[in-house]
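Student: For reference, the structure I am asking about is given below.
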Amino acid sequence: MIGESNQQQTILSRQPMEGSNNSDALSASTVVVPKTKDLEPVQSSVSLQLIDDTKHFNEDLLSYIQNYSDANDNRGLNYHIVSVFGSQSTGKSTLLNRLFGTKFDVMDEHNRQQTTKGIWFSHANYISSDMEPSGRHPNSKHIFVLDVEGVDGHEKADDKDFERKSALFALASTEILIVNIWEHQVGLYQGANMELLKTVMEVNLSLFHGNKQKCLLLFVVRDFTGVTPLDNLTQSLRSDLDRIWLELNKPDDCKDEKLSSYFDLGFFSVAHKHFQPENFETDIRKLGDEFFGDNRLFKPDYHRGIPIDAWAIYSCQIWEQIELNKDLDLPTQQILVARFRCDEISSQAYESFQNLFNGIGFSSIKETNSVVENMNELRNTVLDEYESQASRYQVSVYEERKKTLLEKVDLKLNKVASDKLEQLSKRLLAQFGESVINTKRSSKSRNKRFGDILNDIVDEDSKKFEEEAGSYCISENFNFEKHISGFHEALNEASELLKLKEKDMLVSRSTKRFQSKLKEILIELLSDPKENTWDQALEQFHLFQSAFFDRYKLDDGKGYDLRLGLSEQANEATVTEIQRAFWTKFRDIIHDFMSEDTAARILRNKFEDEFKYDGDGIPNMWRNVTEIDQQFSKARANTISLLPILSVAKLSVSGEEIIPDIDISHDNDTEEELFLGETDNLEPSDKSHFFGHLLTTSQQNKVLHKLKKEIDAIYIDAKRSVIANRTSIPWWMYALVVTLGWNEFMAVLRNPMLVIMIVVGTSILFIAYHMQMLGPMASVGRVTLLQARTVAKQKLRDILFDEELVSVKEANEGSLFDEKKKDL
Ligand SMILES: Nc1nc2c(ncn2[C@@H]2O[C@H](COP(=O)(O)OP(=O)(O)OP(=O)(O)O)[C@@H](O)[C@H]2O)c(=O)[nH]1
């Protein structure tokens, strides 16, 4: 079966051929991969029966090829395939063995039986000048040789099937096809050689008419005697080939094509091995020089472009297709092989990428540069791994699979970048509010508008995010536009929230300040109502309002900018909101302050002021009742005239009610409804009219009623005091005292001690009067007198009791005494 030694036979026969029995199940798109698992390397120096006589493909091919690892250099194309084709027993194996140092079986001289069965495969060794194999020529590529079973063998005379199939296989895989013919066969058109040539051409057309894959047909004329010069033989062979080419039924798309479009032709003669052994050796050496050295015979056009490590798959697949009698679409086969290998390489590369990826632990890497560096490194590693092996395969498949692999890798890396961006987004958004507040508080930004501060930080954060997103874009598969727009959206949302918060703060702060200022002044004004009280109140309101808004006035004076960075519309709405809040506070203050009691108290005070004091604020001293009556009437009329001022906020000049210049109705409907209980059907603008309505008519009547009572009491008090003063000491009483007490008066004057006492007493009273101590002294005196009276009464009672007791004791017995005592 194999090689020349028994040992070699043993080695190779360990892989039975029936393993390839699955060919029936194959389809055109299936790639059959020779098994490589658990195979021991096949010894390289031996030949391998690639296809046996039962037409099974030997799966040991891959492990055989793997012995020549450097054939995988140069993108796996560091090799050539040569095959031989020719009639049976024409010295093909002998030629190959001599040319390439192979050890194909050669027919025994004495038993001329067919020796080569099926197709054999062997690695060629460089033939040194002494015609001994000595390894590979240093400048040459690896050459693998296919020894194909001879055609037209008498054992298979009726079976042309294998002949055609083997020609098909040899041509599909080889670069140079050695056509081995005897010299005496040349020119015999009807001879076996012409059949052979026809077969080769037909097969070639069926294989390559689509893509014009060329190969070299190297005619080796054996047993060349030199009687007919080689040129003549060449001429004869060429004309035979041309004739066959013309007669061939060519496919439509290559009808006009020439023979040279598909074949390069080469001719070489070799002398008789036995009769001219020296010439034979010389010819063989010359032919060998054509193959080795700089590989002159091999042209790039001839190479199938299948990397050597895929050649086993490719050739197996080719054979399976041939066996199934399917149309042999070589480009498709090449693509299938390329797909299979590129997928395999891609999977391996992705697997090692995943291992590296898991080892890195991106989640623990914080610095963007480091993340990007690792991402790039991973990407390049996987790309290098894939490219180094897959770039040898069909370019479109290689590119396609590379794209797919990169998409997978980038998807994974994209996730890393997305997570990092997500984290950055969260971090920046979390810090956003704080950054704005800190910047706002910093001395640098003291005069900066809030809106500008906000915009600066938004810009800064956006730039930071975009830069980081940009640095993660390590290939066109990375696109973070969505992340960027999402971040912008979130940032704008946060920014709008801050604006809203700042706006609310401004509204509440300004309203609070406004309220405290206005309240003080309004209460002061209302506590001392005058005809122009509401004019002053409104004036103060406008003053405070202007004081607030003036600082936000636009340069053209046509509006306000609250510096919150709000849109024009929102800014205007906020201005309106503040104005409404001011008006609402105005309303709340006056409504909260004014009540029936408050109004009654204010009016009572006003009445008292006017009734009890003169224009200079000095208390009135009534000389008679008439004066009191006059003053009372005047004060009462003036006081009552103030009630409408306290009841409705009206301007003095125009008499118009104060109405807010902005609609505030929705702020406090309830209060207004409570006020009149009749606003349900009113329009908001109508409700504004109730802004200054502080007391209802019934409330006013109650106030008047209460006031009347109180001022009547004051009036009576005043009158009583005048009458009391006047009735206590009548004038004739003074005259009577002087008349009756004249002597006593004189007696006192004449007594120096009494005079001194009177002087001292008068001085004390005078000082006490000036120090306003008369009241307290009188009180003390009154209390003393009261106490003295009480003591005196008690003393008197005791005395009387004692006297009675004594008399009863003396008059009656003990029991009577006790009864008396009880009675007492
Ligand atoms: N006349 C002649 N005989 C040769 C030459 N070279 C080899 N032979 C003899 O031809 C016979 C067949 O040789 P092989 O090399 O086995 O021929 P083959 O074409 O490989 O035979 P199959 O593989 O059986 O088709 C052998 O006996 C050789 O000694 C040659 O150059 N001239």
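Cβ coordinates are placed from backbone N, Cα and C, and glycine is handled just like the others.
No curator has checked TrEMBL annotations; they are predicted automatically.
What TrEMBL lists as GTP binding site is G86, S87, Q88, S89, T90, G91, K92, S93. Feature annotation from TrEMBL assigns domain 'GB1/RHD3-type G' to 76-307. The region 'Disordered' annotation in TrEMBL covers 1-25. For 1-728, 774-824, the entry in TrEMBL reads topological domain 'Cytoplasmic'. Look at TrEMBL and you will find 753-771 tagged as transmembrane segment.
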Student: Taking ligand 1 as the reference and 6 angstroms as the Cβ limit (strictly under), which binding-site residues among S87, G91, S93 are close?
Tutor: G91, S93
Student: Identify which of the binding-site residues G86, G91 has its Cβ surrounded by the largest number of other Cβ atoms within 10 Å, counting every protein chain shown.
Tutor: G86
Student: Looking only at Cβ atoms, how many others are within 10 Å of the one on Q88 (GTP binding site)?
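Tutor: Excluding its own Cβ, Q88 (GTP binding site) sees 21 Cβ atoms within 10 Å.
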Student: Could you find out if DSSP has K92 (GTP binding site) as helix, strand or coil?
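Tutor: In the DSSP reduction, K92 (GTP binding site) maps to helix.
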Student: Please list residues from the chain of T90 (GTP binding site) whose Cβ is under 8 angstroms from its Cβ, counting only those at least six apart in sequence.
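Tutor: Same-chain residues close to T90 (GTP binding site) (Cβ under 8 Å, separated by 6 or more) are G150, N180, I181, W182, R222.
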Student: Around S87 (GTP binding site), how many other CB atoms lie within 10 A of its CB?
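Tutor: Taking all protein chains shown, S87 (GTP binding site) has 20 Cβ neighbours within 10 Å.
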Student: I need the most crowded of these binding-site residues: S89, S93. Count other C-beta atoms within 10 angstroms of each C-beta and give me the top one.
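Tutor: Output for this query is S93.
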